[in-house]
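**Q** Pasting the relevant annotations from TrEMBL:
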BINDING   114, 115, 116, 117, 118, 119, 120  ATP binding site
DOMAIN    24-97  domain 'Mur ligase N-terminal catalytic'
DOMAIN    112-303  domain 'Mur ligase central'
DOMAIN    326-453  domain 'Mur ligase C-terminal'
């Protein structure tokens with residue numbers, strides 16, 4: 001975390017000093033559950049919380065200063081214990097400090113968004129670029145209006161590259177994040193049917209994602225996915241709209257792209273790829289599962305070129321890419337069966353991609369599908385879960401589980417395919433559901449587990465006695 005002095009904080013945020021106990025701070029903190037020793041605690045307020053109610057706890061946790069946007073009984077009694085700063089809006093102040101930190105570092109800033117794959121692409125990019133350069137990035141999904149500035153505030157002055165994930169579920173949010181981070185390189189991995197509850201159509205989703213290009217400066221390197229209809233349309237417009245910008249492309253279909261990769265073979269443990277990067281032909285083996293990760297690998301490789309890596313360095317860095325918790329994670333079970341645990345996020349397009357991968361996969365035993373509710377689909381939710389049921393019914397699973405509010409719609413879709421194998425479909429998870437799966441799986445079987453994070457499908461994993469799986473921290 002970057003140390004800051006009081007004078008700089010006041011200059012950047014326009015804060016009014018209510019009390020001055022300390023003038024130097026070890027960094028910025030926003031969570032009273034974390035160690036705040038010597039830090040300036042910024043009291044954020046959201047729809048479901050208000051950190052102004054926990055100022056006492058912040059000081060008890062070691063905070064040397066407090067930034068608030070309202071005075072209350074807590075600020076009055078704490079004036080002799082901590083420096084207290086008053087601003088009109090603590091979130092805006094945090095964002096201003098994040099932008100200040102961005103300009104205090106020599107790092108090139110990379111902004112990544114997309115309906116699917118943005119977190120995985122961030123992790124892949126950090127590993128690939130990190131094989132040749134000094135990289136900063138935040139683990140996890142610190143991708144919103146407070147996570148992005150917080151990531152920037154952790155950026156050391158001397159780094160080669162900083163990788164910033166940018167998420168959204170409403171129009172205008174990406175623009176705000178771009179203005180905070182002012183990225184030197186931007187990429188939208190793809191546009192799919194995510195956040196339909198808020199946007200209604202995929203075209204509206206695309207407009208919101210396109211903000212990462214529209215809000216960036218002329219000198220920003222823009223990277224486009226030519227395989228996705230929506231991002232390809234963005235590329236066509238960009239060639240006319242940003243004539244001075246450097247533009248890079250990636251594609252598994254178009255060999256003219258700057259990064260053109262194809263899968264030559266795939267198994268449970270790795271994919272083998274071939275193609276060209278920056279005009280240099282090559283091959284690589286990457287220990288990740290699923291053809292959908294090819295898009296993420298191509299995006300990461302394109303970022304590598306954009307920040308100055310040679311094609312040879314990019315090829316050499318590809319094997320460093322690994323998936324993280326809940327993202328196509330391979331889990332070995334005591335029974336000798338295996339799981340592909342991909343339950344950190346889900347939307348119809350990512351579900352379809354994983355099911356298609358399972359169709360292609362040859363396994364010694366049986367295939368089991370464990371699926372759960374997809375969130376943020378709005379009025380289309382029932383129809384999309386019925387569609388999911390039809391995909392699952394045609395995928396050749398020996399047994400199917402589903403947990404979620406749209407269980408009835410899923411069952412309707414599954415039954416419409418003439419599916420005759422075993423199925424356990426329920427609105428709510430029961431301990432007996434996980435025990436049923438544990439009793440069914442045998443050596444050589446493979447189970448795929450996928451849903452939105454809120455469904456908590458890891459509850460299916462633990463009864464199966466995983467050998468290499470832990471609770472999400």
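Each Cβ is built from the backbone N, Cα and C atoms, and glycine gets one as well.
Explain the structural surroundings of these features, please.
**A** Over all protein chains present, the Cβ of residue 114 (ATP binding site) has 28 other Cβ atoms lying within 10 Å. Classification of residue 114 (ATP binding site) by DSSP places it in coil, neither helical nor stranded.
Each residue in the domain 'Mur ligase N-terminal catalytic' (24-97) has a pLDDT score, and their mean in this model is 94.
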**Q** Kindly report the helix/strand/coil residue split of the domain 'Mur ligase C-terminal' (326-453) according to DSSP, in that order.
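**A** Summed over the domain 'Mur ligase C-terminal' (326-453), the classes give 50 helix, 31 strand, 47 coil.
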**Q** On the DSSP side of things, how many residues of the domain 'Mur ligase N-terminal catalytic' (24-97) fall into helix, strand and coil, could you say?
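**A** Here the numbers are 23 helix, 17 strand, 34 coil.
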**Q** Let me make sure I understand the structure: which of the binding-site residues listed (115, 120) has the fewest other Cβ atoms within 10 A of its Cβ?
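**A** Looking at the binding-site residues 115, 120, the Cβ with the fewest others within 10 Å is that of 115.
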**Q** Could you say whether, by DSSP, residue 119 (ATP binding site) belongs to a helix, a strand or a coil region?
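**A** Note: residue 119 (ATP binding site) is helical by DSSP.
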